């Protein structure tokens, strides 16, 4: 009964039963994928190019955008191929690679969002010591720690299910290889692994979410004490973008992986999954660019550079 070989495949049921809407679904995911890639790449290009954005906050935003590019590229191209060919098969190694990258980026982004909330706390609550406490040496260490933590924890979680015994049918009712759904395909009793997975999800998600809530409680208290309306508006604008992303990201993760599973249909899980597999990667560039005055000014400057900026005008005049 044991099947330790890797010569079989999983079948992603996904949206295969919606034949009449195949072209519409393909176009929907294609537009989302292009928008996510273009938006996040543009953010990285703006931050790297513009010296006025070389600050800790934008450094972490770049890391977040890079993670979103990997995240969407891990899932959406496979969905596009499956929709067009109506072949939802994915190799075992391909499936576990998806699971690994999904877990790695999810943990990393949770860490980055937590770090970014701490960065906003220092900037607003302790502004005079901000650049002393949050220097670029610390930023690099925190960034490396976030990525290393995601890599290590994802390796640990994948190792729990990679060597399990699987018996057919190898059908996954989702559009990507979800850890919990793959686990259900095992022939063995996975009660302990289920418990470990639930505990792991809670330990990764809830402490960082609670920390973010605590820091923003302190931030709101500090904003209320700011005497000038201009100062309040500036503080609110710098925090509202991050808080919006946090709400979308943690809300969808908690709804699927932490909240009780009773009453959740597979279709509902697919809809909720869209929030963080496609919604968040697209919303990040929109939120961090359109709602950020510095980013908008830098984008306008990047478009004009090097032909129409003020420095070149001065040089030509001289």
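Cβ coordinates come from backbone N, Cα and C, glycine included.
Sequence annotations record features per position, and here TrEMBL assigns domain 'G-protein coupled receptors family 1 profile' to 39-288.
Per TrEMBL, transmembrane segment is recorded for 23-50 (among others).
According to TrEMBL, the transmembrane segment annotation covers 57-76 (among others).
Beyond the ends of the transmembrane segment (96-121), by six or more residues, the same chain brings 56-57, 60-61, 63-64, 67-68, 70-71, 74-75, 78, 90, 134, 142-143, 145-147, 149-151, 153-155, 157-158, 161-162, 176-179, 182, 204-205, 208, 211-212, 215-216, 218-219, 238-239, 242, 245-246, 249-250, 253, 276 to within a C-beta distance below 8 angstroms of the stretch. What TrEMBL lists as transmembrane segment is 96-121 (among others).
The feature transmembrane segment is assigned by TrEMBL to 142-162 (among others).
Nonlocal intrachain contacts for the transmembrane segment (200-224), taken as residues 6+ away from its ends with a CB within less than 8 angstroms of a stretch CB, comprise 106-107, 110-111, 113-114, 117-118, 120-121, 124-125, 153, 157, 232, 235-236, 239, 243, 246, 250, 253-254, 257-258. Taken from TrEMBL, the feature transmembrane segment applies to 200-224 (among others).
Residues or ranges marked as transmembrane segment by TrEMBL: 236-259 (among others).
As annotated by TrEMBL, transmembrane segment applies to 271-290 (among others).
Under 8 Å from some Cβ of the transmembrane segment (57-76) lie the Cβ atoms of residues 29, 32-33, 36-37, 40-41, 43-44, 47-48, 97-98, 101-102, 105-106, 108-109, 112-113, 115-116, 119-120, 123, 136, 139, 143, 146-147, 175-176, 238, 277-278, 280-281, 284-285, 288, all in the same chain and six or more residues away from its ends.
The average pLDDT the prediction assigns to the domain 'G-protein coupled receptors family 1 profile' (39-288) is 83.
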